Amino acid sequence: MLEVVTSPSLATSSDWSEHGAAVGTLSDREGIAKSAALSVPQLFVKSHPRVPPGQSSTAMAAYGQTQYSTGIQQAPPYTAYPTPAQAYGIPPYSIKTEDSLNHSPSQSGFLSYGPSFSTAPAGQSPYTYPVHSTAGLYQGANGLTNTAGFGSVHQDYPSYPSFSQNQYPQYFSPSYNPPYVPASSLCSSPLSTSTYVLQEAPHNVPSQSSESLAGDYNTHNGPSTPAKEGDTERPHRASDGKLRGRSKRNSDPSPAGDNEIERVFVWDLDETIIIFHSLLTGTFASRYGKDTTTSVRIGLMMEEMIFNLADTHLFFNDLEDCDQIHVDDVSSDDNGQDLSTYNFSTDGFHSTAPGASLCLGTGVHGGVDWMRKLAFRYRRVKEMYNTYRNNVGGLIGAPKRETWLQLRAELEALTDLWLTHSLKALNLINSRPNCVNVLVTTTQLIPALAKVLLYGLGSVFPIENIYSATKTGKESCFERIMQRFGRKAVYIVIGDGVEEEQGAKKHNMPFWRISCHADLEALRHALELEYL
């Protein structure tokens, strides 16, 4: 007769559940399958028919007592291990969520180590890891905790020693600045408001090379937008956006057009970017406490160089009475003739138009041949400007170049680096891909081009972006500029006079007044912060 004996491992005592959990954990953590196999209870035990039941009682303990195999000892009471104060030395990566906010401002870098690896207790220590959800980045803790302490008897592998930081070389040099602000540097107190004081710049000007000062302020050497570089003559449309006659000269098309410009900065020239007229009158010297005699002397020397350049290289004697608003206004009358061997002094331009009465207010003349000769001159002016816009010294020659460099240095010292501050703002705008500088001045077009070249502004003002408001006024020039770049662009007017302010107000353009050095510094600061 078979005798069914209930194994002691099925006792109702809680020791079995605890012991099974410990063994299961050991099997998962240490990979000891043998110990787990030994703990499987034998539900049915078949007694040998020849062995009396009394003999088996000597091998079995009394009912209700806990029985363990020889390979597994009773687990000691559970030991609660505190979470280490220092987690592993891999900080949570900054995960950019859909709300475009960095939820880990305390990250010190992409790769960093803690001071050392904390010594882990027996078993697996808890570790933290970032959990990404729709609400952001959270710091969660893994649920792996030590369930029981195991001695060396239960481990197939020896314990691992702790590692120090000194074994590993740094990925970055000590001078590496992390891209994020560490948590220790974050200020817990409210931020205080700082007052910025504009310090007066030194009056000395560093020595420049013989080829500098013409374009050394230009910090942008990359390709420019067509409104900056390649907005030349177009076969069907003039630069002001109005339909004109088809020109026979075809320039290479630019990859982008004027309608792609997003922001247009319309500048005044005198007393805004440069100091010129107030030097001649002594107004600048009296306002800033400078020597009036020196101011007038520098102003007269600069005026002489401006008109000398305009007469010698830019046909000002021929074009003074036939002034244009824009250099391309008469390009439709140009037949594209090669001018490399053309003799401007003997083409009969003066004999055809001996008096100013033959040149109307808009530069239009009744004769087609005379208009073609006029267009030839403006085309040569454009070629000269584009060739020497960054090398004025090569245009005026070596003897005059030294005088020009010395005059520029004296001018900067007298005006407290006014032009240097202006060029900082101009170069910031010029470096943007979809922004452009446009110049509108009350000076005649040819002298205005000479001013731009001699003051070293050719790198930030292409000749296509220079307008003369001598005859029509600045408001009319603003309208032409808006027709050229479109209504979608944002226009910002920068100047010092009432005329540009009223024109900007009429066309709902923001106006930035320049009256002192602080205004130029504030403009540059606003551009750096991309407020403009």
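Keep in mind that glycine also has a Cβ here, set from the backbone N, Cα and C atoms.
According to Swiss-Prot, the region 'Disordered' annotation covers 202-258. Annotation source Swiss-Prot lists compositional bias 'Polar residues' at 205-224. The annotation compositional bias 'Basic and acidic residues' is assigned in Swiss-Prot to 228-243. Annotation comment: Swiss-Prot describes Asp268 as active site, nucleophile, evidence class similarity to another entry. Residues or ranges marked as Mg(2+) binding site by Swiss-Prot on the basis of similarity to another entry: Asp268, Asp270, Asp496. Residues or ranges marked as active site, proton donor in Swiss-Prot: Asp270.
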Cβ-centroid neighbourhood (8 Å) of the Mg(2+) site, Asp268, Asp270, Asp496 excluded: Leu269, Glu271, Thr272, Ile273, Thr441, Gly495, Gly497, Glu500, Ile514
Alpha-carbon spacing, Asp496 (Mg(2+) binding site) to the residue listed as 'active site, nucleophile', which is rounded to whole Å: 7
Neighbour-count leader, CB within 10 A, recorded positions: Asp268, Asp270, Asp496: Asp268
